[in-house]
């Protein structure tokens, strides 16, 4: 008989279905019309009913199936009273059929950390910029992001009334990434994607130093990584604290699975063990290709301003 699938593949297959359920919740909250917006640290740091329900759904669903995994979500929420209608216990069969990369076959539940951003791009969600919004489930082992799921609940939302909404992108290091068409940015063009709502003098100084042909300002870390892997941008640059581990874990795994690179502005890789601090205080630099070109052009003044 076939050996049962490795734990990692079971977790990814479940995370895929859990992310699809999350997308349904996100769309239902929006169509019901009451977003239930709460300001956390200020007008650019919002939480909606969708953030709350989605996080409860993801964390409770995964915790029920994988009780020894550490799950860290963005929102401070009670974990006990989750209603059954929020639980997703399905999995993606197609993922279970794929062989687990050899280096991950022996992983035990207690060695995994899952970083969850229930709704990345909350501000954009409240403003109706729906294509910016993603649901992020990142899976880490030994402090490294090794697998990830990104769902875009509103992918295709401008394609008309009969369009199928949403898509799920997933990837595992050593296996690749799926659910999208990998595309490189135009050769010789320097297109930088950066923050839309968290700009600063430092952010802009850094971008100016790169002398880009074009700058794209969009919300959400998940969305920015998608710009890289679909060839819309050549570098994601954010010279500021503010991004957190749950923003970067899933996107990092997918980017690395297709040969890209993400670090902080100083070139340090991110750590995802459960004891790590949540803030990526030294910003983000990510590319699908030509990382060194951009890294070499980050001014020292910018690096010195950002302390990891």
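Each residue, glycine too, has its Cβ placed from N, Cα and C.
Curation plays no part in TrEMBL annotations; they are all automatic predictions.
Summarising the annotation, TrEMBL assigns Mg(2+) binding site to 74, 117, 119, 120, 247. For residue 74 (Mg(2+) binding site), the count of additional Cβ atoms within 10 Å of its Cβ stands at 22 [all protein chains shown].
Most Cβ neighbours within 10 Å, among the binding-site residues 117, 120, 247: 117 holds that distinction in the structure as shown. Surrounding the centroid of the Cβ atoms of 74, 117, 119, 120, 247, where the record places Mg(2+), the chain contributes additional residues within 8 Å, namely 51, 116, 118, 121, 122, 134, 135, 136, 220, 221, 222, 244, 246.
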